[in-house]
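Single-structure report; data block below.
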């Protein structure tokens, strides 16, 4: 009797703890579902009603899709987007994969240097990079003017679909490089070594052995670039706008901002774009799932035998260095010089036109300065909240017996496939439909929510990869000793995840700081953010302040990455 009585409270405590665990797990799952799919439902619904959602009495209709199909501007934008995606994907995959193979599999000189500098553009603000390219390579740009003076003409035109695709390489090549290099690091090199020992030439080994094993990574990278081409807004707006080249994202932006009566048509187009990127994401998942067909069996790990380039070592190193200078260094130089000169041209010495006026404008203009402080506030608070929530979601997905745990990972990865402008439209309609949330629409917190939703995949991936590397034996031992799921995670798993949590925190901060697409329909006076402010300043013709904001954005990013590296050992390169 005494024994039975003494055990009864313990069962009660365990029962209460189990209820707490279930409450946390269900609450986390519901929060994720609402945040991710909440903005999508209004977008789709708005495409099927005959009036804007803020007007009552709407009825279901297909007229919005009919009007979309009859709009020649839509079909032109769709065609341009498809061509832009193709022009960006093919060279992006070829260059990125080639660089990854040369750095990871050959005796190329300066490998450590290239390993860092080739991925650096991923930390640059997209709008700032585009401005740097315009400063250097537009028809009136510094490099274009110099080439025209010495050779009579320039062989490129930045204000065109091929020109837009070239600028995209600065972001797409590092992505392909990282994906292919990660695949190379996981491959067994014994087959390549056997072929080399048998007398095969290095190029033949690369073509017949290495390349087939890289097919899943190459296909995945190509699909990713196509998805980026369909979603990007700033680059086609800046380079395509002056010559009336619209992509789907700029078509949505222009139609929404210039013709409010066609918001239903915009929602219909956004629904179609949503369906398209969902199909692309499914294809990417299928390709990644089929990667096991290309796996190589290996027992004990073998040291990588690097392919000897022979007399091509230094010519290839010089060629890659030239790419780094042309595609990475010079655009940054152009951005810097635009921010500190009245005019940047070969006809005038930069020393004669130096100025601090653009930075003075940024720090004295209320709207411009507020965009910096708002972005910092959103970045800091948003990254902390997002990392906390994503860590909890990862623990539920990979360290619990929650019945719906397997759905969390694909749901959290889904928003990264969504065009930012579609997320922005969805958040806008969500605030309109849900009256208690409507006041958030004009605040920095509404924009922060949009940025968090858009970037969940980045922070989650950083946490998930480390969590999967931690043995579940520690959890099992703690649970056997009577610890609850929440206590086990809090006292054992989370401390082991601290480096990954720090990495997620830095990545989320940088991503939120540099994001802007979801905010274009949410920004009003008082809640300005860097990206949208730069876009509006550029449209108004103020390149100097835009460049100054871009430099400040890069400086903040570099500071955050440095702090992460020094304090927590966070590494953001291959």
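Cβ coordinates are placed from backbone N, Cα and C, and glycine is handled just like the others.
For 29-48 (among others), the entry in TrEMBL reads transmembrane segment.
Sequence annotations record features per position, and here TrEMBL assigns domain 'ABC transmembrane type-1' to 78-284 (among others).
Only residues 6 or more beyond the boundaries of the transmembrane segment (82-104), in the same chain, are considered here, and those with a CB under 8 A from a CB of the stretch are 111, 114-115, 118, 161-162, 164-165, 168-169, 172-181, 184-185, 206, 210, 214, 217-218, 221-222, 225-226, 228-230, 236, 247, 304, 316, 320, 323. Annotation source TrEMBL lists transmembrane segment at 82-104 (among others).
The transmembrane segment annotation in TrEMBL covers 116-136 (among others).
Per TrEMBL, the feature transmembrane segment maps to 156-180 (among others). Long-range neighbours of the transmembrane segment (156-180) within the same chain, counting only residues 6 or more positions beyond its ends whose Cβ lies under 8 Å from a Cβ of the stretch, are 80, 83-84, 87-89, 91-93, 95-97, 99-101, 103, 118-122, 124, 126, 129-130, 133-134, 137-139, 141, 144, 214, 217-218, 220-221, 224-225, 228-229, 232, 235-236, 239-240, 242-243, 245, 327-328, 331, 574.
Annotation comment: TrEMBL describes 217-241 (among others) as transmembrane segment.
Sequence-remote contacts of a segment are chain residues at least 6 beyond its ends whose Cβ falls under 8 Å from one of its Cβ atoms, and for the transmembrane segment (261-283) they are 40, 43-52, 63-65, 67-68, 71, 74, 223, 226-227, 230-231, 248, 251-252, 255, 414, 417-419, 421-422, 425, 429. TrEMBL lists 261-283 (among others) with the feature transmembrane segment.
Under the heading transmembrane segment, TrEMBL lists 316-344 (among others).
Residues or ranges marked as domain 'ABC transmembrane type-1' in TrEMBL: 372-564 (among others).
Note on the transmembrane segment (376-397): residues 24-25, 28-29, 31-32, 405-406, 408-409, 412, 444, 447-448, 451-452, 455-456, 459-460, 463-464, 467, 489, 493-494, 497, 501, 504-506, 508-510, 512-513, 529, 556 of its chain, located 6 or more positions outside it, place their CB under 8 angstroms from a CB of the stretch. For 376-397 (among others), the entry in TrEMBL reads transmembrane segment.
The feature transmembrane segment is assigned by TrEMBL to 417-437 (among others).
If you look up TrEMBL, you'll see 443-470 (among others) marked as transmembrane segment.
What TrEMBL lists as transmembrane segment is 491-513 (among others).
The feature transmembrane segment is assigned by TrEMBL to 542-568 (among others).
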Proximity verdict for the transmembrane segment (443-470) and the transmembrane segment (29-48), three or more C-beta pairs under 8 Å: yes
Segment-segment contact (the transmembrane segment (316-344); the transmembrane segment (116-136)) at 3 or more Cβ pairs under 8 Å: yes
Stretch among 116-136, 217-241, 417-437, 542-568 sharing the most Cβ pairs under 8 Å with the transmembrane segment (491-513): 542-568
